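Report on one structure; see the data block that follows.
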Amino acid sequence: MALPVSLRNSVTPPELELIASEELVEIIPLISMERTAFISGAYGPLRPPNKAKIPLWMAINLKMKKKCHIVPPNWLSVDFLQDRLALETSRQEFSQFPFRFTEIAKLLLDVAPDDIQNSERIRSLLKDIREVRQAKSREGLQKIDHSELSLPNLCSMEINEIRPFFVRAMGVLTQLTRDPVADSQFDV
Amino acid sequence: MSNIKAEINLAHSPGYTTLAFSRDGAFCYTGGDDCIVRLWKTNEGEDQEPPTAIEAGESIMTLATSDKAWFSGSKDSDVRQYKAGDPDMEAVVTSSAAACIRCIAIDPPGKRIAVSSDEPTIKVIDIEDTVNMLILHGHNDVVRKVTWEPSGSFLTSCSADGKIIVWDLTQQEPKQIKLIDGVIPALKDKDSRDFAHDCSAVWHPSGQYFVVGSRTHEIVVISRDSWTKTSTFSSDSLTGVVYALALSPNGVYLASSTHKDVQVWSTQTRRLLFTFPNATTDFVTQLAFSPTKNLLAWADFTGSLYRWSDPIPSSSPSPVDPVATSLVTRPKRRGATPTLFDDDATARKPNEPVKEDTGLGGAEDFENEDWILDDVGDGMEDDLGAPGEDGNALVKEMVSVTKAQPAFQPGSTPMENRKRYLAYNMIGVIEVTDQDTHYIINVEFHDRSARKAYHFTDYFRYDLAALGPRGAVYACQPENEHSAHVVYKPYGNWATQGEWTYELSNTVRVLGIAAGGPAPSKSMRTLSDGDMQGNGNVVVATSDNELTFLSGTGIERCSVALDGDFVSMVAGPEWVFVVQRDGTTTMDGSQNLMGTLYDFEDMCVLQNRKLPIRKGHTLRWIGISEEGAPAVYDSAGVMYLMPRFRIPLRGTWVRILDTERLERKQGKDESYWPVGLSEDTFMCLILKGRQEYPTFPRPLIQELPVRLPFRGKDPKDSPLEEQQVFARESMHLQITRDALGDEEIPDEVLARELALDKELVQLIQTACKRDKLPRALELTRMLHHTSSFDMAMKVAAFYRLVGLREKMQALKDDRVVGDRPQRRDWVRDYDPVRPPRLPPADVQRGEPRAFQDFGPPAVVHRPGLARATLTLPPPPREDLYTRGDDHAPAATLPGESKRKRADEDIVAYGDAAQPDSIKRRAVEDDEYTMPGPPKPRANPFAKKPSDTADGPRNPFAPNKSLHKSESFFDKVEAAETSKWKGLSRSRLCPADGWY
């Protein structure tokens, strides 16, 4: 795998995608199906043209067979992303996104670009958002402190990105800042 | 694309060409680089020789017309006046010192002429007295275009440095009201081709706004209220410089030109309607609508004049006829201009209707424009007290006449951009593409697994179609060589076998068609040579004022006479819902529609009831809900449903949804185009703005929750959500119950009743909490199940309402004795008409489906893992013996004698030996050796059933019993070895016997 060594010891993005594929999405089925039991639960029934909520993996599977249209979540639209990008660039903190938005967006854009309006524009917006957020998380890492680091609204993919560095850095910092006096209190 | 044709005349030598229509529309004047003005007669074709006016010394830059005269402005700096329709010059109105005249414009009353030249000033000259002149200073560059606001009180001028100035000319002193910068492009070079683009601010006849082509290549609407950009006309397919703009005389249409095309837009929806592709060889320099005809003309840089007759098809509102308006929605700016007209400038009385004004409000109420001439505005007259500026003058005098709504097919749209939907419902979509010589009909289904999409070429131009559950029906009108016919294409049959055509006699027209039938219980994808459940039903409404009922295979069954004019119909599983006009529309605006349900079975009337459409509104859609009840949607945005349609002649229209009150609708300009209705969702397409019909590509169906239009606002008083759910659910339960016969109530209904009871108990709880005991009692009486009464009593007990609890108990007792009131009502009602019973879908039966069982998995019995103490030889057959064993754990007696056990064993083997399969017996042997060694417990009760139930013992059994004498240790060994075999036997062992 072409990942840098530092990343290999954390979860890989495809693995995260796999986890994210348990999230529910809305679809417009093109086939009818009774309510059906799967290991993760029972989904359905599919009654075209009524919308149905099914896990992403199933939606992707159906989509590949041209058996459904995926209804993109409302955050996957040009307007929403543009607003968020404006927020993201104007404010210091991370703006709020679904926890697994990168994975879901990637999967949907890969599988169902025809169901998403303006998918090319969305792609570029997501890239912009990602870059802004990456810059912020880097900045956040500079301020790393041995006791705490609070980065609210960080998403799974971003957490994953900083994890290897963060874990080691925290370890080193804790060693460096260990207060010998405090330690010696417990030595006795 | 060949049916769009324009008449082309090479009018002038290549270069800037200008054109203007005379105000009566009889002439079209063109002027060009060759210094000549030609007077074309609009009613003659390409081969006319127009008279010419040759006075100008240099190229003609601009033309303008009034009622009596026409004017030309030329590069030689003279503005010349001619008599209307005459090529002989009357006078020179003005001349500017050696500056090229750029634009002239005559004010709508025809009294004043605004002249702009290469000088940065604008002259406003009185035509009667050319010395009387105003000079407007304000621009710093060449003023390219000037235009008048339709009332003549404002003048807009566009200069080469990209500024638009709005002038107020109502006072003695001209006033500069607003400078709008940065909208139109700024140009330096006066001789560049860009300079020849028409950048005029084109006023809408209502005077509410003007449109102008912006530097960003958009068509921008600038409103008069704020003088800012309020909206744009845009389409994804259109990019590029806007060369010229023109508004139709009534303001309904906007023509624009980009690239080499000419487009026509609707000003209401701001959407592109028609395109004239490759209209010119060079860019268009000027566009104009004829003031009196459906004619659009333009001149291009090659010096040609193009005339496009009938740019607006007759199916759309005319571009000329004044649009009646029902509402002027915009608040008017009042008071700022107390006298709108300069006394010198105009002799017109303020209230006098002006020709240009008649188009007012074209923008306002497009939807009603076609069929109703409303006289709203009367009421507004007094308080407005406004001079003719608001232009309502003509409308006010109109008599209110309700135009009858034409017949329509639910779910169809008119042809737009050569495409239309013939049908759009919960089953699928029929799309039509016009290919000039023929149509391409494309049929797609929402559920691709149930029916197969298809398309075909249609030479008959089918204009009516309906998608039924079992087939699609198409109809065409009589045309030159063929008479009208109806074609039915069932889904599940081979085309040659199922399809049939029903020819109508020569001049009879088809007004509406419907295809109905019970929903198929199997997929229609696989073709067969005949369905046992039939092909459904077809109903045809014809201009003979009758309904023809045909069976799904084309047998004519009945021709039912209609009471009134046919309006629309839709077929359900067992009936057809026909809407007809009972007599005429009423004077006060009601459409006077009647809805009738005809039973397919015997053609009887099941329901006959007036449609609840409010005055001034039309029927938009009719359909069938998922449960089979007829539903109606009107132009006011209200959905009605007839839940108890099965009780003959007693159905009522229930308002189930008011889209105006939807949460999502608040603050948004959108409308809903119904597709279907299910229990708690309203399936529709959402149309933005003033769009009336869905367009291509096909939009997604949206689901809106059905909210009964209840008014209760206080959530504390009673939970609104529960009330909603309860009312909605009980209505649908009613529909389901009506469909049931005397047979046993199915579990599904019982479950739904129970769910309803839950909602009721919730409501009872709230009532108890708020101390509303009468309400709690009322709710208790509505409960369905006696067990729910207990729940209600618990609630009452919780709130320490002892009296209430007792009353509830009494109610319960009464219920137990006297049956449910609902059930009794149900019997008392007229008998609901039950749905017909259907034969099975097919002869062979399908296997039970996989993955549809939601219960816990069957317990796997693993004897190898079972506690050894419990073991007894497992029964060879799952009868009797197991029943005996059920008691085993409970009644185990440790001190049971060995002998007893031996007996039992014998019995067991006697049983086992009966099936004379040796193989099985061999298994039995193994099993027998299995029993666990430590304290084998026998079941003393087991013996009895085996004793009594099994008659004669097997005479061969005893020799088997030899095994029992084997020693304890042997048994252990046997158990060890046969562990795996035991597992394999688990299939034979009933799971429950061992616990």
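Here the Cβ of each residue, glycine as well, is placed from N, Cα and C on the backbone.
What TrEMBL records for this protein:
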| type | residues | note |
| --- | --- | --- |
| COMPBIAS | B:345-358 | compositional bias 'Basic and acidic residues' |
| COMPBIAS | B:876-888 | compositional bias 'Basic and acidic residues' |
| DOMAIN | B:10-305 | domain 'WDHD1 first WD40' |
| DOMAIN | B:407-709 | domain 'WDHD1/CFT4 second beta-propeller' |
| DOMAIN | B:721-816 | domain 'WDHD1/CFT4 helical bundle' |
| REGION | B:312-363 | region 'Disordered' |
| REGION | B:827-966 | region 'Disordered' |
| REPEAT | B:9-50 | repeat 'WD' |
| REPEAT | B:136-177 | repeat 'WD' |
Query raised in the report: By DSSP, how many residues in the repeat 'WD' (B:9-50) are helix, how many strand, and how many coil?
Result: 0 helix, 16 strand, 26 coil
**Report entry** Model confidence over the domain 'WDHD1/CFT4 helical bundle' (B:721-816), averaged pLDDT
**Finding:** 86
**Report entry** Secondary structure composition of the repeat 'WD' (B:136-177) [DSSP: H/G/I, E/B, coil]
**Finding:** 0 helix, 22 strand, 20 coil
Query raised in the report: For the domain 'WDHD1/CFT4 helical bundle' (B:721-816), what does DSSP give as the number of helix, strand and coil residues?
Result: 79 helix, 0 strand, 17 coil
